[in-house]
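Here is the structure we will look at.
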């Protein structure tokens, strides 16, 4: 399909300014394209006064410096209540149920592209919003808008944005999605932006780089239990199943076991009923492999999902190689996905995101694994 460009002149864009390099360059590029640009900084977590992990004040300072340099307004908004209700409580409930959620995906759905868009609409009278995500949008002549992978394969963030609606994608601009990361940093450097060499943020969306076990333990009581081999031999103890995920190799504290080979130990299963962490040696241990999965809570960006029997590709985690697969609908909200080859460490609670070439079709939540 042929792509068409939106008319830029006079259109007002509210850019989500995070205090990082990607949003900084996004604002600059949109100004170059003729948009009327303003920034909006979101505060989504109420940190303690002595909180060493949250850098919200520093990020706001950097965002303000960038906006001052570009000569644009910076607005601020507090979405902490919305974040707690719609993202953090979901995050805790999933961990409590023994699954491994992805809060960044929920944050994009509920905060960055919902609460933010509503605020930009109602208060700031925006035509578009923009974020520093590495994805692209394509406006087609038939009136549809598609979300595409970012040009930089290593930074592509479409996996985190699959829950966006067609309408949200149509109202959003992603300037850095057309660029490689090194190009973004070079533009920021050339423009003298303070964020040009600022490191990328990591950790839980908006909560920062806390020690995860310590942070989670503040909200959910830990339940220590045994670590067993796949054969049922007790070889250690864990502090709580919620601290572990399938395929995990580090932090198990069970190296140098007698009668074991030199292969590293991996988490291969979590027995919720017995509160037992099951481990096995080798990254392709049979208990770690799946032939497929059941995926529910389906969402398709353009409202129409792939047809029954489609042979496409899926990612079950960020930055994973594409996995060829075949889809079968069990009902309107459940997909049976069969992989062409067995896949390691597919994790219930995580998202499965489907692609047709460069187009991100949508996805759902991994509910059950198909083994054997």
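Numbering starts at 1 and runs along the chain as it is shown here.
Glycine is treated like the rest: Cβ placed from N, Cα and C.
Positions annotated as active site, nucleophile by Swiss-Prot: 107. For residue 107 (active site, nucleophile), the count of additional Cβ atoms within 10 Å of its Cβ stands at 26 [all protein chains shown]. Residue 107 (active site, nucleophile) carries a helical DSSP state (H, G or I).
Summarising the annotation, Swiss-Prot assigns active site, cysteine persulfide intermediate to 205.
What Swiss-Prot records for 16, 17, 18, 19, 20, 21, 22, 23, 42, 132 is ATP binding site. Same-chain residues at least 6 positions away in sequence with a Cβ under 8 Å from that of residue 16 (ATP binding site) are, in sequence order, 23, 39, 40, 41, 42, 112, 116, 129, 130, 131, 132. Look at residue 16 (ATP binding site): DSSP puts it in a strand.
What Swiss-Prot lists as disulfide bond is 107-205, and the listing cites sequence analysis.
Proximity of residue 133 (site 'Interaction with tRNA') to non-local residues of its own chain (separation of 6 or more, Cβ distance below 8 Å) is seen for 22, 150, 157, 160, 161, 174, 176, 177, given in sequence order. Secondary structure from DSSP puts residue 133 (site 'Interaction with tRNA') in coil. Annotation comment: Swiss-Prot describes 133 (among others) as site 'Interaction with tRNA', evidence class sequence analysis.
What Swiss-Prot records for 350 (among others) is site 'Interaction with tRNA', and it gives sequence analysis as the kind of evidence. Just so you know, the Cβ of residue 350 (site 'Interaction with tRNA') picks up 23 other Cβ atoms within 10 Å once every protein chain is counted.
Here the CA atom of residue 107 (active site, nucleophile) lies 14 Å from the CA atom of residue 18 (ATP binding site).
A coil conformation is recorded for residue 350 (site 'Interaction with tRNA') in the three-state DSSP classification, outside any helix or strand. Max Cα-Cα distance over the annotated ATP binders (16, 17, 18, 19, 20, 21, 22, 23, 42, 132) is 16 Å. Of all the binding-site residues listed (18, 20, 22, 42), 20 has the fewest other CB atoms within 10 A of its CB.
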